Amino acid sequence: MSDEGSKRGSRADSLEAEPPLPPPPPPPPPGESSLVPTSPRYRPPLPAPLERIVGSGEPPVELAPRRKGEPLPPLPPSRLPGDQEVSAAGDSCEGPRRLPEVKLPEAAAGKGSPAEPEAGACREGERRGTGDQPETRSVYSSRSSSSGGSGDQRSGHQHQHHQPICKICFQGAEQGELLNPCRCDGSVRYTHQLCLLKWISERGSWTCELCCYRYHVTAIKMKQPCQWQSISITLVEKVQMIAVILGSLFLIASVTWLLWSAFSPYAVWQRKDILFQICYGMYGFMDLVCIGLIVHEGAAVYRVFKRWRAVNLHWDVLNYDKATDIEESSRGESSTSRTLWLPLSALRNRNLVHPTQLTSPRFQCGYVLLHLFNRMRAHEDVSEDNGSGEVVMRVTSV
């Protein structure tokens with residue numbers, strides 16, 4: 001009993017020692033709403049520019065970020081001017097309302113008010129909210145402009161497809177005049193003159209590779225010596241050219257010496273000497289050999305010269321004339337008559353004679369004999385194959 005009485009006495013003493021609790025604040029008048037909460041909420045300010053947080057007339061003040069575990073600073077006095085309006089509850093950003101003046105201890109007045117960051121954050125949110133609409137408009141305008149640009153690009157491509165272009169460089173008329181040199185039609189109808197001449201020099205033929213039409217060209221003039229280009233020649237052509245050049249030099253020298261020995265008064269003793277008479281005969285025979293060599297190899301050298309001339313001449317390609325083409329085809333005129341230069345393979349193949357086009361009686365007799373021998377050999381092979389029970393067909397070309 002004494003213990004319980006002592007405990008009750010100590011509890012009563014402690015209750016008397018504690019100060020009394022302050023009375024609750026009076027309710028606000030009906031015209032004003034209680035905007036300041038009993039436990040003030042403090043949110044860390046957003047990283048906004050200093051101009052937005054601080055007024056235009058005050059110097060910028062840097063706000064130190066709150067560290068983790070640090071207690072919240074006390075609420076500073078909200079000493080705002082009478083005409084300044086802020087939004088209630090910093091995160092609601094509703095219509096402008098006035099805050100009632102609340103007096104707080106002076107110790108917390110020097111630490112800065114967190115209401116200003118909240119007001120700045122609210123203004124920043126309002127500015128962001130108001131800035132969303134122009135941004136959306138700009139995005140929409142950029143999309144519309146991009147769609148319009150793509151539409152213009154498509155229309156430009158379609159317009160470009162309708163325009164005639166060169167079938168070699170795929171460029172339009174801005175790179176030069178477009179010609180129609182052959183029977184080709186459609187997208188491969190036109191070409192530039194320079195592109196066609198370069199393609200002819202690279203390909204080595206005056207014939208279109210698509211319609212096999214031989215171009216109508218005319219030579220204008222020779223290029224300048226500084227613009228001359230070399231052509232590719234084979235080893236056989238080099239030997240032929242060297243043989244023709246050396247034979248020509250020997251022929252000129254020997255004929256000059258023979259004429260001087262025959263008509264000069266200073267060569268009377270040479271004409272009477274037997275050794276010089278033998279030399280005259282040998283030189284005459286060598287001159288005949290050189291003449292035959294020049295005649296035999298002169299055609300090949302002349303073809304090489306025509307190729308070189310074709311590369312180093314300025315040519316003019318004419319447009320295709322359908323009436324002229326029909327007239328030439330009706331007359332049966334060969335297109336090789338107007339060919340200025342052909343590749344070596346075409347020139348060599350043109351000189352060959354097909355066995356079905358032999359018109360000489362001598363060639364006809366030889367062809368008949370070869371045909372008879374081949375038929376006899378075919379009969380022997382067939383009889384041997386029939387004995388083995390197998391049928392073999394052999395085709396022999398003559």
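Each residue, glycine too, has its Cβ placed from N, Cα and C.
For the ranges 363-366, 371-374, 395-398, the feature annotated in Swiss-Prot as motif 'PDZ-binding' maps to 395-398. Swiss-Prot lists motif 'YXXL motif' for one of the ranges 167-170, 259-262, 367-370, namely 367-370. Using a 10 Å Cβ-Cβ cutoff, C182 (Zn(2+) 2 binding site) registers 24 neighbours. The local packing around H192 (Zn(2+) 1 binding site), expressed as other Cβ atoms within 10 Å of its Cβ over all shown chains, amounts to 23. The Cβ of C166 (Zn(2+) 1 binding site) has 21 neighbouring Cβ atoms from other residues within 10 Å, across all protein chains displayed.
Cβ proximity to the Zn(2+) 1 site centre (mean Cβ of C166, C169, H192, C195, cutoff 8 Å) flags the following additional same-chain residues: K167, I168, F170, Q171, Q175, G176, T191, L194, L196. Non-local neighbours of the transmembrane segment (274-294) in the same chain are 243-244, 247-248, 250-251, 254-255, 257-258, 261; each lies 6+ residues outside the stretch with a CB under 8 Å from one of its CB atoms. Same-chain residues with CB within 8 A of the center of the C182, C184, C208, C211 CB atoms, the Zn(2+) 2 site residues themselves not counted, are P181, R183, V188, E209, L210, C212, Y213, Y320.
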